[in-house]
Amino acid sequence: MHLSSFLAFAFFSLLCAIHASGVIISDPSALSPNGYDYVIIGGGTAGFVVANRLTENSTMNILVLEAGIGDEGVLQMPIPFMGPILTPETEFGWNYTVAPQIGLNNRTFLYPRGRVLGGCSSVNYLIHQFGTDEDWNRIANLTSEPTWSWVNMKPYVQKYENFVPPLDGHNTTGQFIPSLHGFSGMVDASLPALNVTIDSRVMATLGQLPEFTYNEDMSGGDQSPLGIGFIQSSAGGGIRSSSYTSYYITAAGRPNFTVLTSVIVTNIIQTGTTPAGLKSFRSVRFLTSSGIPVTINARREIILSAGSIGTPKILQLSGIGNAADLGKLNIPVLINNTDVGNNLYDHTLLPNIFIVKDANANKTFDNLLRNPTQIGIQTSDWLTNKTGLFVNNIANNFGFARIALNGSTDPAPGPKSPHYEMIFANLFFEKPGPTRPTNGSYFTIGTMLTSPNSRGTIKLASANPLDDPIIDPRFLTDDFDIVAMRESVKAVLRFAAAPAWSDWIAGRFGQAFQNATDDKSIDAYVRNLTISDMHPVGTAAMSKKGALSGVVDPNLMVKGTDGLRIVDASVFPRSPSLHSQGPVYLLAERAADIIKAAQVSSATTTTATSITSTTTTLIPIASGTVAHFGQCGGQGYTGATTCVAPFTCTFSNPFFSQCL
């Protein structure tokens with residue numbers, strides 16, 4: 001049974017509202033009739049960063065469109081320990097499923113992505129890292145844009161990070177390097193708030209096995225993450241810190257900031273063409289929770305922050321993508337770009353689970369998580385005093401390592417960046433993964449491929465925007481990736497064989513793990529149980545200005561367009577070799593500065609575009625003929641259907657036809 005089932009009773013009596021009042025609305029009729037300067041699609045990790053920074057200018061009106069809901073009344077969301085139960089199979093996620101994976105024995109499984117204010121930063125496992133300096137320098141090299149290099153990105157750490165003491169107040173000397181961190185930024189970050197039984201065993205292993213070394217700071221950046229050290233989590237005072245609780249909350253009182261929830265963006269609408277031949281996009285079409293189509297316009301820009309799955313989906317629904325794929329769905333092609341939805345990189349996760357000896361049965365979290373009464377006590381302790389187990393992440397220690405290349409091309413950005421990760425959890429890691437047994441105690445060492453070579457795709461399943469896209473990461477289809485995962489399992493077995501674990505581990509859990517004794521059987525085990533580590537990137541990749549490849553230029557503008565920018569993990573050209581949350585925060589902070597700089601340049605340079613209007617349009621009712629680029633049909637549309645000559649009403653998707 002999953003942990004969420006055990007929590008139902010406890011949460012029924014203890015749910016409370018942890019919510020800040022602000023400019024969140026769910027009724028489109030409450031939108032400003034004067035329109036908005038920027039419309040941001042997605043109130044997730046990146047979207048709220050950009051919204052916060054743009055609303056610092058009181059003359060700019062910002063609208064954020066979010067498909068999900070807020071966390072009002074959802075007690076488990078701010079509890080750090082509860083990250084694993086928030087997705088999948090909940091109302092806080094998109095509940096996607098991957099296509100059958102040929103590298104994983106044609107298995108399919110759930111693919112969690114956040115569908116809530118704050119996006120994945122509200123439902124992830126809170127791991128807080130910057131990416132390595134080599135990750136950022138690779139982006140600078142691939143884009144020929146030095147402003148993306150680490151030396152130029154490092155100042156943004158001060159803007160987004162607020163490193164705070166751990167809740168228990170313990171001496172953190174030797175657990176992190178203060179000079180690497182920010183102490184006055186937006187998102188709280190901290191070290192573990194309490195010790196757990198396995199911590200001392202993890203550290204003892206470092207003294208027993210020379211191949212595993214201690215690392216004083218695991219955040220990356222100037223410090224290589226190779227080695228094993230203490231997890232830094234996006235939490236402070238025992239409470240999750242997300243883009244919603246930080247960037248949104250601090251901007252919530254600004255009169256120029258509006259967030260509209262529970263809407264599904266169907267497509268972005270071309271509103272004109274510049275003298276240089278760029279297609280202008282200033283309108284967004286979305287569906288309300290009751291299925292009513294609405295059009296909203298932006299005076300300056302549409303900013304796509306819908307994530308590595310949502311962003312390429314919306315682009316393709318809008319006619320920006322591979323012409324051959326769009327043609328099969330009868331979607332008119334506005335920009336033929338075969339890289340949209342391609343280049344999907346993601347980390348993989350394999351929970352390597354060990355059985356803990358009966359003598360240690362009460363020293364893991366497993367029995368507690370099977371006991372609704374104990375869960376209720378822990379929840380009450382968190383709620384009233386911010387004490388107990390739930391103030392902490394599910395793990396305190398993790399590490400990163402490299403494998404011998406043996407002539408292979410290195411997919412990592414440099415020698416200081418890892419190929420795989422190990423994370424140590426004092427419980428049966430169940431979700432996503434195998435179901436927790438009804439008895440027994442367990443210890444999990446999760447291994448993650450952090451520098452994958454395998455690349456997949458995001459493609460439309462149909463022209464209906466309510467249908468999920470086809471998500472095909474093509475996990476472990478590259479030889480390097482399976483070798484790296486194999487070597488990570490071997491490292492786990494060596495680690496668990498150290499004397500520190502002799503009185504703790506009774507054996508391996510599961511026949512597949514027990515049978516993993518040589519390369520062939522380890523590979524079979526890996527392919528049979530590996531899942532996603534939920535860090536997709538690259539589906540709207542950044543590339544050099546003027547290059548035919550890629551989706552956005554170094555300023556994050558969609559190539560071939562005017563007024564359409566992307567700010568989310570989809571623009572990373574390669575997978576960061578660490579956890580992706582921190583790199584997205586840094587990316588979004590820099591993106592906000594890029595957009596502000598464009599405001600200054602646009603004050604003296606006017607781009608000539610034909611814009612349909614600057615007002616909110618709710619199911620527009622027109623008479624006579626429809627102008628070029630105007631709407632002329634679609635589900636729920638009641639306006640005119642005849643286009644001004646020589647244009648014809650052209651199907652885009654079931655909810656939108658346009659005069660083209």
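Cβ from N, Cα, C; glycine included.
Owing to the predicted nature of the structure, the values given are computational and were not obtained by experimental measurement.
Per TrEMBL, the features are:
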- 1-22: signal peptide (SIGNAL)
- VAL116, VAL265: FAD binding site (BINDING)
- HIS535: active site, proton donor (ACT_SITE)
- HIS579: active site, proton acceptor (ACT_SITE)
- 624-660: domain 'CBM1' (DOMAIN)
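Between the CA atoms of HIS579 (active site, proton acceptor) and VAL265 (FAD binding site) there is a gap of 28 Å.
Within the same chain, the residues at least 6 positions away from the residue listed as 'active site, proton donor' whose Cβ sits under 8 Å from its Cβ are ASP346, HIS347, ALA569, SER575, PRO576, HIS579, SER580, listed in sequence order. Taking the domain 'CBM1' (624-660) as a whole, pLDDT averages 74 in the prediction. Annotation for VAL265 (FAD binding site): spatial neighbours ILE41, LEU65, ALA67, VAL284, ARG285, PHE286, ALA306, ILE314, PRO465, criterion Cβ-Cβ under 8 Å with sequence separation of six or more.
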